[in-house]
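Novice: From TrEMBL, for reference:
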- 129-165: region 'Disordered' (REGION)
- 191-263: domain 'Non-structural maintenance of chromosome element 4 C-terminal' (DOMAIN)
Amino acid sequence: MENSLSLSCSRNSSFSNDRKTAFRSILEDVRNLEEENIHDNLQTIEKTSRILRNVDDLYGKDELKHPGESYLDSQVLCATSLLAVRCSESVSGNLNKYDKSELAKHIGSNPDYWEFPFPLEAQPVLYLHGSFDPTPPEERPRAPRRKVDKQQQAALKVPKSKDKVEEEDKDKEIFKKVHKIVKQACRDGPLCYFKLALDPKSFAKTVENIYYLSFLVADGVLEVYIDEATGLPFVKTRSNNERQHSKNENNQFIVSINMKLYRVS
């Protein structure tokens with residue numbers, strides 16, 4: 001047990017000594033680099049980065065345990081940082097030196113050198129300036145074109161679809177049926193409009209009755225008038241003679257109703 005401990009201690013001490021020797025060699029290289037008068041800052045920075053890579057290789061997987069190693073490592077880092085500061089200070093910020101008087105003198109002495117088209121400027125094209133002959137050519141008379149009279153085509157009527165025709169026939173049948181019912185109801189005399197239109201059990205049927213009665217009035221089949229005694233609208237049927245006399249009249253009777261009015265009535 002004691003032999004193994006002594007062997008490990010001797011190995012660590014020998015490894016530490018080798019690392020110290022390497023640190024001293026690197027520190028000497030840094031100092032030599034400081035003494036060299038290298039005008040190329042890029043070359044100096046490349047050598048400094050190479051030295052720092054060598055320091056990283058010395059660490060390996062083992063950390064610095066001996067105080068002497070830490071001291072030499074700090075000396076190397078301090079020297080390399082000072083070297084980097086010296087390189088950065090030597091770099092001049094005035095990269096582009098411009099003298100307007102010198103430029104003006106160069107333009108005056110070398111006019112051919114400064115002849116160039118400005119950006120976005122098209123080159124002159126001589127043939128676009130016109131012909132050399134100022135008189136325009138004589139225009140030849142053109143023969144008039146023949147006018148062809150086109151006959152106006154009559155507007156084509158689109159045939160009604162089968163469903164639309166069937167729907168119109170169905171509406172006609174309903175109007176005839178409603179007219180027949182109203183005619184029977186008004187057989188003994190005119191009848192109150194609301195008595196004909198209102199259905200106490202269905203609001204939808206009431207709206208349908210108002211719809212059909214308005215069309216029958218517009219067609220002149222029925223007549224609506226206000227009764228002087230009651231002030232209510234009354235409906236009466238019209239004979240064929242009355243329809244012929246009032247054929248050109250514009251008969252309209254429009255009634256609006258909602259659920260509130262329906263419930264009140």
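Count begins at 1; order follows the chain as displayed.
Placement of Cβ uses the backbone N, Cα and C atoms for every residue, glycine included.
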Novice: In the predicted model, what is the mean pLDDT computed over the domain 'Non-structural maintenance of chromosome element 4 C-terminal' (191-263)?
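Specialist: The answer is 81, the mean pLDDT of the model over that range.
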Novice: Using DSSP, what's the helix, strand and coil tally for the domain 'Non-structural maintenance of chromosome element 4 C-terminal' (191-263)?
Specialist: 32 helix, 12 strand, 29 coil
